[in-house]
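Here's what Swiss-Prot has on this protein:
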DOMAIN    32-123  domain 'Ig-like C2-type 1'
DOMAIN    234-317  domain 'Ig-like C2-type 3'
DOMAIN    322-406  domain 'Ig-like C2-type 4'
DOMAIN    504-598  domain 'Ig-like C2-type 6'
DOMAIN    708-805  domain 'Fibronectin type-III 2'
CARBOHYD  71  N-linked glycosylation site
CARBOHYD  199  N-linked glycosylation site
CARBOHYD  456  N-linked glycosylation site
CARBOHYD  472  N-linked glycosylation site
CARBOHYD  493  N-linked glycosylation site
CARBOHYD  520  N-linked glycosylation site
CARBOHYD  770  N-linked glycosylation site
CARBOHYD  900  N-linked glycosylation site
CARBOHYD  914  N-linked glycosylation site
SIGNAL    1-23  signal peptide
């Protein structure tokens, strides 16, 4: 007994001290919680920065103090030490690799306990110079591949590499023919060319934060032996490792580069899966972003040219750093109770978990059991309080989780949770009265009514947690109820008064119903209740409460009367099927009634779509039935989509019509070597239901091509060339990997066929060169496709002509006639088609001023077989030389003999002036001063007049040989616009415009300048002869 009493006294003293200290501080005390922890740091050797700072800051009350460990040993701080503590940060002055490289850990402590931070490494970055030794020259046959070894100097961390050609900064670009490995730094040239001659140097760069350092090697000379460059199959030289390890979330880069002539094309594939959107492929490099375990597997790179192919395979193996799935949290536990804590971490390899208490390793002892990720306490004591950490680690990293354990010893206290003072209860109902004092250890609870001690009976229940439950309540149960609580720390009680009210009853319950999708329904619910209390109604569907404000308009209250709780269901959907419960409740009781609503509609989505028996054009699909939604399923349909389109398309099946009791069908007429997803839809008399989830992606098997390439044609090019063009075959029709084209061609009229294989699906032309090919020679050409599974059908034979030759014959009898001051007509006799070695496209007219060279001539081309042309844009009163040439796709032929023309003088620039008009009955007479041509102008042969009633009507042209004209006007004439201009050999002159308004009398416009047109309208009015003339000079 003496030991127990001493323990209780010690516990009371600790509790009183803790409570008093908290009251004095005004806030709860707690152990250190890290807000900033040290991070891995890379310090560049030779940096101008003279210190390194490792950060550490913890939230704690009282504030934490800090210590630091290096490689597990505590660092000593002092005024003369290179280590300083600034708040919680560790500052290392003049860091040196030999002394300071290592692992650092921050330790934070206050009165509540101690925690340690994650470990952070301090490493030193460096890059030494390349070796000073001269590098051997390299000699290779032109057309063959070559590799230059970088052999970088010692360094940390990894470098980036480029190569110099002859001098800085002439860097070699990565252009498909040349490749620089960022793993080794080596330079690869797939096929050497004459332009590759020169001296090569490896240029290595280190990037550490904002500090960049570069070094370059001695130059190595490349010389080429000139020979006829023969073609050869690819050979992969730059390879990614056989096993590439990566952590989840990282980006993986695989390198693959091959020698070959022609330069090989690189393709990537995953042998045990398909390409994903995370792939970024740029031929020699495959980048996979944000890798996960699904990216693990075997990858293949393929190098291919027209001479063959080479492949290489390697695996990507994905590991993961530790990551918490379940961690400990701050816990308050009663003295004498048991506690189990668990920490669970994921990672690959699987992490090991260890435990720390106040920064020190924790092992099993007495009441404490440590078992991997579990920590168990039996019969907690106050001394178990403190800071605990679980640490999960594998070879890729370490994670820490921290929590504070507070062991409590408290006398019962009702101040936070007293028994409710007034406890209303419904007659014949049930009442629950909690008793929840704060106490540690848990208190023993007794209940009394007045002075009567309550015990369990048919109507009275006291639960293990001290809650009092009274059932079948009557008026006699009213009175005072008191809860008494006691533990070894003390005792307390709390009292409430029970008041009995009338029970709530549902007088009209909802009825079950069946409806179709889209219909409306009202579920009825009426109730009676104690008039001294408010009544409310709530509804639930399958025990989930219905929120009328968030029902998208499908639910609403059907009445505002207090005793009526009817629920209106609007535009019912399948999701509205289920068991509806109406609950009428007051503050003291509630009562419920339920009914079932069945909503019939289209079937639900089928489940579990599985693809099997995959062929080249067929697959077998199976699925499981979905909900029929209370209407039998009549039939199924199957849809699919490919990697080429996101649009779902209905597929043909076997059987054609899939009955509603089926759970499997064959999909036919698929495209070979195509990635597909499938989904299944069910339908009944009410419509087509939602589709199933897509199946997993599959790829149909490969097959030989079944369609010949289209768009076969060609022609053009250089002399002695036959160019054959076609439309590249779409992915839909390639049917397999290794796709390409086989061309067959021969001179028309000969027997033997020449063939050529053109790899790559995107190819679209082939050039055949031979000195024996004459110009515009017809060839018979056929094409078919091939892939790894075989060859497809040949196309129909097309006629393609070799390159054309410029016409050898010139047009003749060329004539040119000046039409106006700036225009001429040219005509000629055509060349004979038989004289052409190509297709005549038309004729080219060249014209140049007398005194200019023919090379400066302007040119106009006609299309087709026309033998005349109208040329505009000439200078007036100018002599021109004109010649004509025939042209085709190869160019223009020889010129015809040139002919000469001289354009006429321009028309008079001055418009007609002193215009007057007289309106008499249905005729308007217009007069003007004659225009006299100047010496540099063409003669005046007459006048043109454009007459229109308004700005929207079509004009009428009148011709006059003299300076007056009579124009008939309609009886309803109100006004008109008239333009007058001179005409002659040089064309039409500048117009004058008159606006005529109907009225008796005359009107006149007098020109005020010889050289300038009137800029504004002039309006002239007289008394009874109201006359208006609106005159403007406009150029048509």
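From the backbone N, Cα and C atoms, a Cβ is placed for every residue, glycine too.
Note that the structure is a prediction, hence the values are computed from the model and not measured.
Note on the domain 'Ig-like C2-type 3' (234-317): DSSP counts are 3 helix, 54 strand, 27 coil.
Ranked by Cβ pairs under 8 Å to the domain 'Ig-like C2-type 3' (234-317), the stretches 32-123, 504-598, 708-805 are led by 708-805.
Long-range C-beta contacts of residue 199 (N-linked glycosylation site), restricted to its own chain and to partners at least six residues apart, with a cutoff below 8 Å, comprise 165, 166, 219, 220, 221, 222. DSSP labels the residues of the domain 'Fibronectin type-III 2' (708-805) in these numbers: 3 helix, 47 strand, 48 coil. For the domain 'Ig-like C2-type 4' (322-406), the DSSP-based tally of helix, strand and coil residues reads 3 helix, 54 strand, 28 coil. Working note on the glycosylation sites 71, 456, 493, 900, 914: by count of other C-beta atoms within 10 Å of each C-beta, 493 ranks first. If you compare Cα positions, residue 456 (N-linked glycosylation site) sits closest to 493 out of the glycosylation sites 71, 493, 520. Following the DSSP three-state reduction, the secondary structure of residue 71 (N-linked glycosylation site) is coil. Across all of the domain 'Ig-like C2-type 6' (504-598), the predicted model scores a mean pLDDT of 93. Secondary structure at residue 472 (N-linked glycosylation site), taken from DSSP and collapsed to helix, strand or coil, is coil. The domain 'Ig-like C2-type 4' (322-406) shares more Cβ pairs under 8 Å with 32-123 than with any other stretch in the list 32-123, 504-598, 708-805. Cα distances from residue 71 (N-linked glycosylation site) to the glycosylation sites 472, 493, 520, 770 are smallest for 493.
When the domain 'Ig-like C2-type 6' (504-598) is classified with DSSP, helix, strand and coil residues number 6 helix, 46 strand, 43 coil.
When the glycosylation sites 472, 493, 520, 770, 900 are ranked by how far their Cα is from the Cα of residue 914 (N-linked glycosylation site), 900 comes first. In three-state terms derived from DSSP, residue 456 (N-linked glycosylation site) belongs to neither a helical nor a strand segment and is classed as coil.
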